[in-house]
């Protein structure tokens, strides 16, 4: 995707070398935005092969409100293992905040259900927002949310989504995040009777780890190939009824996978 290669170049050319929590070191910039028209294909990176199974199962895991890695491990997904405790628990991370936000009066708020209800009943609302950044619970999370807030927008029968990501690992994380939120937008559009519009990806601290520079430069030498298509295998009425088997990726022809170490 041209948008992704442009981001890589921007960080390499304009970034500052900074230390970071993990001790790895980064090349970092602050503030950047990419836009993807979901009518033009499913934005899954082609300059390296992505593991769609991990992307899809992680999203389904979020939507279940689950915060234990057991479901992920049972489905061959290991991306959260480094942060889990000995029982597989991560604390009140994404799934908990999306589905069981603890309100000021002790009530539990299902942000996803409320979001879908509001899209259906008040599509012009400017409050179609889900937040994972629960200040009162940050210290209890294994990893505070990197992709921390997203908003939906309905116009001309199309549903668009904008994500704010406070911290973005360009090589490992960002390709997953793009595909995950594009998939979420398409799923919500499906259950609300809308067409997918745009996915807008807005960053705070967007960085390339020092031990990923070689891999990023390799991707910049690779040509951008046509985007794949994503379709659903059946009609689904509820966002919570989707399964992995409902997602069909067609015409995905990426360059080979590139390995990179995770900074924990």
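Even glycines carry a Cβ here, placed using N, Cα and C.
In the three-state DSSP assignment, the secondary structure recorded for residue 169 (dUMP binding site) is strand. Within 10 Å of the C-beta of residue 169 (dUMP binding site) there are 22 other C-beta atoms, taking all protein chains into account. What Swiss-Prot lists as dUMP binding site is 21, 126, 127, 166, 167, 168, 169, 177, 207, 208, 209.
Residues or ranges marked as (6R)-5,10-methylene-5,6,7,8-tetrahydrofolate binding site by Swiss-Prot: 51, 169, 263.
Look at residue 146 (active site, nucleophile): DSSP puts it in coil. Using a 10 Å radius centred on the Cβ of residue 146 (active site, nucleophile) and all shown protein chains, the other Cβ atoms total 17. The active site, nucleophile feature in Swiss-Prot is assigned to 146.
Most other Cβ atoms within 10 A: among the binding-site residues 21, 51, 127, 207, that distinction falls to 207. Around residue 167 (dUMP binding site), the same-chain residues six or more apart in sequence whose CB sits under 8 Å from its CB are 146, 204, 205, 207, listed in sequence order. Per the record's binding annotation for dUMP, residues 21, 126, 127, 166, 167, 168, 169, 177, 207, 208, 209 show a top Cα-Cα distance of 36 Å.
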